[in-house]
Amino acid sequence: MNCNSFYFDSSKNEICLDNCGGMESASDIVKSTVVGTMALLIIVGNIFCVVVLWKTKEIHFISRLFMASLTATDLTFGFLVVLPVAFSSAYNKWPVNHDFMCQFHEAATSILGGALTMSLLGISIDRWIAVSKPLRYSTIVTQKRALILITVLWILPLLFRLISTPAIGAYKLQFQSDSDMCWMCTRQTGHTVYTAGVGLFMLTPFVTTLFIYARLLRIARRLARRIQPNSVPRNMDGEVFSAHAKSAITFLLITATFGICWMPFTGVWLYREITGENTHKYIVIFAEMTAFSSSWLDCLVYYYRSRAFKQTARTMIRKLCCKLRRQNTEQLSTIRTINVREANELECSTTSDWK
């Protein structure tokens with residue numbers, strides 16, 4: 001259903017809205033179900049990840065900080081971007097008929113997309129130091145420096161948005177039913193520059209991250225040849241290097257997952273923003289689904305790559321299941337007690353009636 005009718009014109013400060021909605025085909029129902037499921041997976045999964053990271057003391061604290069930062073970004077993305085898309089997908093129109101919400105959602109998408117790439121860049125810098133200088137890592141990357149780096153990486157996308165917004169000039173935001181999102185639709189010089197800036201702002205950190213991991217693999221191979229199992233005590237350089245190398249591979253998988261998932265959506269977004277032409281509906285849906293998937297796939301990577309994370313997660317799930325089972329047992333025993341009591345009362349009353 002191509003209901004591209006809701007837009008906000010900042011030059012005239014007015015809203016144009018044609019009341020249209022409802023699902024038109026089975027594909028709309030499938031799409032809304034999938035998006036709703038993804039929103040649930042992202043929100044519940046990342047909340048669970050934050051709790052597990054908080055309880056997993058075996059993972060190095062600095063590594064947990066960077067992992068928690070990425071998880072918090074995914075969680076925020078789920079709340080501010082994916083959840084509104086799930087609602088608009090269900091009704092096939094923007095859920096809140098207000099210009100501010102449409103502007104906020106478009107801004108949140110670009111800011112959080114940049115925050116995700118910045119978080120991955122911060123993790124790659126941390127792993128670079130850990131693998132290249134394993135024995136000096138604790139003195140170089142302190143808790144205070146890690147928190148400052150994480151804060152700066154979160155603020156940079158927001159600052160870029162605030163600084164570049166005046167360059168856009170007058171613009172329109174239009175609801176597109178194929179993606180169930182609000183897009184800029186005015187073709188101006190400032191808007192083209194802004195679009196290119198956003199693309200570079202997301203692409204540059206990602207390419208830098210890949211370059212760092214490529215260098216890390218070379219360093220890891222070189223150090224692995226130097227470290228002989230019998231020549232170095234396992235509680236010194238060898239063990240430290242092995243732990244940091246495994247952690248680097250884990251975050252490399254997360255970075256690769258992010259790149260693969262976001263590549264189609266970034267291509268569709270740049271094509272639409274620069275040319276002003278729409279792509280095929282199912283291409284947009286596929287690109288959107290893959291981009292959203294990266295925010296819950298990170299949880300699976302943590303689970304399967306980190307033994308300590310997996311053990312803590314299993315323990316928490318086991319305790320939760322036992323608690324629910326205990327509550328059900330108590331409720332059943334209470335119901336049975338009440339039934340027995342009622343039966344006894346009924347028997348007594350019947351006996352007294354006969355007397």
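Even glycines carry a Cβ here, placed using N, Cα and C.
Per TrEMBL, transmembrane segment is recorded for 33-54, 66-87, 107-125, 146-171, 191-216, 251-271, 283-304. Taken from TrEMBL, the feature domain 'G-protein coupled receptors family 1 profile' applies to 45-302.
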Given the transmembrane segment (33-54), its same-chain partners at Cβ distance under 8 Å and 6+ residues beyond its ends are 64, 67-68, 71-72, 74-75, 77-79, 82-83, 85-86, 89-90, 180, 288-289, 292-293, 295-296, 298-299, 302, 309, 312-313, 316
Confidence over the domain 'G-protein coupled receptors family 1 profile' (45-302), expressed as mean pLDDT on the 0 to 100 scale, is 81
